[in-house]
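Peer 1: Take this structure, written in structure tokens, and hold onto it; I'll ask about it next.
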Amino acid sequence: MMFCFWPYPQIDYAERAPLPRNMIENSLFEEEPDVVDLAKETPSSSSSFPLDPDDVVYEPRSSRLLVRGLGENDADEEEEDYESSARLLGMSFMNRSSNQRAANQRTAYTRQDPSSFCSCLPSVRTMVAGVFVLVLVASLIMVIYFLPGCTFTREGCKKANTSQDSIYPIATDGQPFPWADLRLPSSVVPVHYDLLLQPNLTSMTFRGSVTITMTLQQDTDVLILHSADMTISKATFQDKEVKPLEYKPWQQIAIKFPQLKKGQTCTLKVDYSAHLSTSYDGFYNSSYIDTTGTKRVLAATQFEPLAARKAFPCFDEPAFKATFSVKIKREAEYISLSNMPKIGTTQEDGLLLDEFEKSVTMSTYLVAFIVANLSSVSRNVSGTQVSVYAVPDKKDQVQYALDSAADLLQFYNKFFDIDYPLKKLDMVAIPDFLAGAMENWGLITFRETTLLVGNHSSPLDRQLVTSVIAHELAHQWFGNLVTMKWWNDLWLNEGFASYMQYMSIEKLFPQLDIDNEFLNIRFRALAKDSLNSSHPVSAVVKTPEQVEEMFDSVSYEKGASILLMVNSTLNDGEFQKGVIEYLNKYKGRNTVNEDLWNSLSSVSKLSISVAQMMNTWTLQKGFPLVTVNRIGPTVNLSQEHFLLDAGNVTSNNVWHIPLTYVNDSCSTARGCKQVFLLKDKSAKLDIPAGVKWLKFNYKNEGFYIVDYGVEGWKALIKALKEDVNVLPHEDRAALVNNIFMLSRLGKVPFRQVQNMLSYMSNETETAPLTEALIHLMHILRMLEKRQDLFLVNRMKAYIINHFGDLMDSQSWEEESSVAKQTLRSMLLEISCGLHRANCTEKAMDAFQTWVASNGTYRIPSDLMRVVFSVAVQTEDGWNRVLQAYKLSLYDSEKRRMLEALASTQDVSNIVWILRAGLSGSDIQNQELPLVISTVCKGLAGYLYGWNFVKENWGKITQKFPIGSFAVQSIIVSATSQFSTKLQLLELENFFSSLKDKGSQMRTVQEAVETIKLNMLWMDKNLDTLRTWL
């Protein structure tokens, strides 16, 4: 989908990962069977006849819902079970009758005491006969009672469990709903939608009318499509009024009609009304406060993945592509936008009616429309009218986006060898927008942070904006022109768009240092994919919650990483040729995972099958650990699943690994790289006897981790101490990352990590330094949460001893290099966070200068967060920053102020900012995940943050869908630093109580797994830390 805007904290290891998601079983639609315990319901007089276990009968409710399209065999099995239960019931009563008779017989023939014998008793024969008659009558009554009434009718009874009523769910009007699957049938496909919408931005409602033209792929008498949260006032099918059936749990409606034949065309028209959504999806209302203090409103759409159905009835699955003609009625004070250029505007009923051109063929999730008061700038680029829209107060911040989009559009036209197919490309900054951006064809929507750039914005701000624009423009080909068939292959959209954003920026905007950001993203993807709760790139997806959870770092970052790996493996130019082949072959259509690999295979001259190799990376979860054991000129290689697991899970996964390596004779130039395909569990590699050391995974272009063994690590560390530039900075960062990951896995002792870090006194590059600091700060934060003050102080001292000089050498003036800005902001945030006077004093000096200038003094953008984070620890500083936050027109500046405010250690301020983020009053709801993430990093805030999430879970999941990236981020940021048994139990108890409200999310499993791994790591390494530190 969209560019997911993860609220990455700047320095926290666990939270920098675009944190993740769990597959939810669809248990909403099946009831538990009733249990009839005859032992309890038998009168007390029967206590002398105890029931065997077989006498307890389990009788299913007649209303039990059978989902997933019960087949004939399933029905037969249930009939047999039902009949077996009936037979068992009859045998039970028969046994009881015989037991009763036996007991009576024992009573009748037992010798009696003469003194107590009553001569008035009937004879023994009479008693036996009477008891027999009573038992017979009772048995007949019970049989009649338990048999259905239809037994005694002329027609008799229908077979059990074969009726529509028991197979299909029940519609809202009580009738059987004629479909029993979350996925739509393929018997009818849409061809064209005529859509008319009339939003009312005063009442926050809208009316709509949609006419859908369809063709039949097979004979059918029923039409199933999606509709959610709307009131249908009238529906006509083939010009005859019909009454739709609705099944709300699956957001489906059904139209029944006399059977039509395959190949026929039919038309459905639906008139309806609904409220504008308040949860950032569907057709939703957004608002902002302008510079005059007036509240302004607008309406915009966010349909991916499953919300077009909230704006108009439709076939809301990616494979049901169609064309769309859109008309929008609006008030004169607003403009309207949609995917296609506007044909014209007419007046109607005191309103303006905008009509847009018929669209290209596309999926419903790409349809978009906006009604708002916006300003724009435009430019013609290769025959396409490119425009950038923003609210009028921010119209001076759109030029950078326009220029960047123009360059990127021309690059993609050339790279893909297919020109952008629409006449116009609009990019719109939405004031209240949850995702980072959304690639609607011809009408891309963005957060203001990811599109607007002011004159004062830093190179880091420009890097972010350029990245998001590059991602969304790449989607116009990968996702829009060619679309995945179903959400299980979401990575074909998101992984490719992510990879292209890095590739295009590296070529067009080298000054933005995007290679370091891509390297960091790959490290975070490895961390996520190392957990047992991860999933394959191409995964099984069924429920809406599972669809939402696919928008995670596996689909985005791992997808991009494996594309980098295959591109670096193929010969020069083959990757681009394969992509062009793929786009030309499937444009306007839907694809699956295999289609891309087959296209790359068709142009590759390699001796290996690209499809065969890459299926091992997309169809199984995780990634390999390659172990290197060198004995003289022979290198023994082996692979296993790198799996961080506290439960000793075993895996037999094997990957086809294009293993790259360099050695001491040639290690920095790309021409030094050698390739060895490791496709078995183990293999041997011969090298020259004089080689001193080997470094595998050149520039970390492969998605795997390498363990060199004791001697191999020793040789690499020695080489780095002698000459830090003996390897490229990407390789040095990879060694740091790998050794920390191996320590977490338990493959290397933590002392080995210390040995690796000892070389860093000579390190000056951003990537290795930030990677080391991310891991060290993660350990420090876990120790803080355990309140182990001795180790906390020792770890702080260790960080200062090793990095203090570098911290003190950082400039507080403007810096033009993105890499230097990234390193500087991290070093100074850590330094001030550790309360080093040299840092906090300079931060307060900068703040006081800013206050004295009435906000006109420009603090360097990359230093705003650290300056304001120090200032808000005082009451006066908090109030001044909060006031500036409310008034600022620059979203990137507001975001840094918000992070600073959320870093407060004052409990009352923590409580206020959490509540404000939830209410949406002073802080927009879209920022709540960032607020929670930042609060939970602090020692004072992490327990408040976690309690806040628990207490407000219902409200949070009303604003953000269960499984969405916002909910994933909230869960992980609130729990990722827990490392005690008590914290684990609390988390498990809370989420197990939620049931269908989030308990089965993959993210919950990940959170549990992460805490267990934190506990395990602490148990293994606390003693080492005490000795080492």
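Backbone N, Cα and C atoms are what each Cβ position is placed from, and that goes for glycine too.
Since the structure is predicted, the reported quantities are computational estimates derived from the model, not experimental observations.
Not my notes, these are from TrEMBL:
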- GLU472: active site, proton acceptor (ACT_SITE)
- HIS471, HIS475, GLU494: Zn(2+) binding site (BINDING)
- 189-366: domain 'Aminopeptidase N-like N-terminal' (DOMAIN)
- 400-617: domain 'Peptidase M1 membrane alanine aminopeptidase' (DOMAIN)
- 693-1012: domain 'ERAP1-like C-terminal' (DOMAIN)
- TYR556: site 'Transition state stabilizer' (SITE)
- 127-147: transmembrane segment (TRANSMEM)
Peer 1: Would you kindly give the Cα-Cα distance separating HIS471 (Zn(2+) binding site) and TYR556 (site 'Transition state stabilizer'), rounded to the nearest Å?
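Peer 2: Counting only the Cα atoms, the answer is 11 Å.
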Peer 1: How many other Cβ atoms are found within 10 Å of the Cβ atom of HIS475 (Zn(2+) binding site), counting all protein chains shown?
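Peer 2: Its Cβ shell of radius 10 Å holds 27 other Cβ atoms.
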Peer 1: So how many other Cβ atoms are close to HIS471 (Zn(2+) binding site), meaning within 10 Å of its Cβ?
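Peer 2: Counting Cβ neighbours of HIS471 (Zn(2+) binding site) within 10 Å gives 29.
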Peer 1: Would you mind reading off the Cα separation of GLU494 (Zn(2+) binding site) from GLU472 (active site, proton acceptor), to the nearest angstrom?
Peer 2: 10
Peer 1: At a 10 Å cut-off from the C-beta of GLU494 (Zn(2+) binding site), count the other C-beta atoms across all protein chains.
Peer 2: 28
Peer 1: For GLU472 (active site, proton acceptor), what is the tally of other C-beta atoms lying within 10 angstroms of its C-beta?
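Peer 2: 29, counting other Cβ atoms within 10 Å of GLU472 (active site, proton acceptor).
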Peer 1: Test of understanding: give the count of other CB atoms lying within 10 angstroms of the CB of TYR556 (site 'Transition state stabilizer').
Peer 2: 28
